[in-house]
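Below is one structure, written out as structure tokens, with a few remarks after it.
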Ligand code: GLU
């Protein structure tokens, strides 16, 4: 990709996930780095004023918890690390809340697990909560829910979680801030011929070799987990930048088109990636049949599918399952993620959203399939 074009990747990114690692957040374990966190929050405010949406994925709970508990070396027992995370998370959330507020921004704590994002219903729930927070202009600050799982404790330091969040909200870019300038062709401390990689294609197998080899053991949050995170983020069309977290104004400059760190470019477009994802879910669990008015709205006007346009519900499906949308002649017009399970959908057929609460006992989304979770079949 030529430099002029690659500089536009971050400049054009509207929705950005920023991930910061433990060593940066806690100044190498010395304790929460108030100044650094304040700096990132100031930059996030700048991005938001610029019309972008940002999500922060921050580690540091274990490192801060260890300090609060007076532990000088990292315990081996995973349950002790989980306990430290629970202690440290209090400080982490408090610090982000204070610093974001000082910059005029609201904040929200979100603790997620990989399993939450693999489960369709929780995936949809997490997605709609995060998108609602973004709409409200609030910055979600995400960490792994270390009490119940320990994927990121064992390896990753939230690199994978950052990518999963980028997939979840279909971010345009994932920025991984770390204590290194980016990726080198080899470890520069061991190999003097190592050169800096300023740009590559995310998912290029050579990158994994540069970062220590696919066969080597994956260190917690080493360069390899970042390369793999970039590959995963690219799956939903997000490009990744790996950059030094203390680089002055790194986030602002990246969105102005400056080449900072290593840019790993996603080769698939966002909507193409979404289509592929839906296509991979060939096993559809059901269908809704819609009237001509709803079919036109979905096919020609780019609208979501509302229950009022549904005439029939087929099959047995849960919230989050992929279902088909068919017209009354039986032609498939779209596929998407169902907001309502089949039993609820049957109750909502032909009904306006003003009646949903009375029919279901709770008020939820007005759409059966939201436009963002839907791809046209023709
Ligand atoms: N989620 C963990 C944290 O925030 C991961 C970092 C680690 O393993 O030290 O502390």
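Using the three backbone atoms N, Cα and C, a Cβ is placed for every residue, glycine included.
Features as listed in TrEMBL:
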BINDING   19, 178, 179  ATP binding site
BINDING   59, 146, 158  substrate binding site
DOMAIN    286-365  domain 'PUA'
Max pairwise CA distance, angstrom, over record-listed substrate binders 59, 146, 158: 11
Maximum Cα-Cα separation (Å), residues 19, 178, 179 listed as binding ATP: 12
Counts of helix, strand and coil residues, the domain 'PUA' (286-365), according to DSSP: 27 helix, 23 strand, 30 coil
By Cα-Cα distance, the member of binding-site residues 19, 178, 179 nearest residue 59 (substrate binding site): 19
Among 19, 59, 146, 178, 179, the binding-site residues whose C-beta sits under 6 Å from ligand 1: 59, 146
19, 178, 179 filtered to the binding-site residues whose C-alpha is within 10 Å of residue 158 (substrate binding site): 19
For residue 19 (ATP binding site): DSSP state (helix, strand, coil): strand
Residue 146 (substrate binding site) and residue 178 (ATP binding site), Cα-Cα, nearest whole angstrom: 21
Average pLDDT across the domain 'PUA' (286-365), rounded to a whole number: 94
Sorted by sequence, non-59, 146, 158 residues with Cβ within 8 Å of centre, substrate: 22, 58, 60, 61, 62, 85, 143, 144, 152, 153, 156, 157, 161
Local backbone state of residue 178 (ATP binding site), from DSSP in three classes: strand
Residue, out of the binding-site residues 146, 179, whose Cβ gathers the largest set of other Cβ atoms within 10 Å: 146
Distance, residue 179 (ATP binding site) to residue 146 (substrate binding site) (CA atoms, angstrom): 23
Set of same-chain residues at least 6 away whose C-beta sits under 8 angstroms from residue 19 (ATP binding site): 56, 57, 58, 59, 158, 159, 161, 162, 174, 175, 176, 177, 229
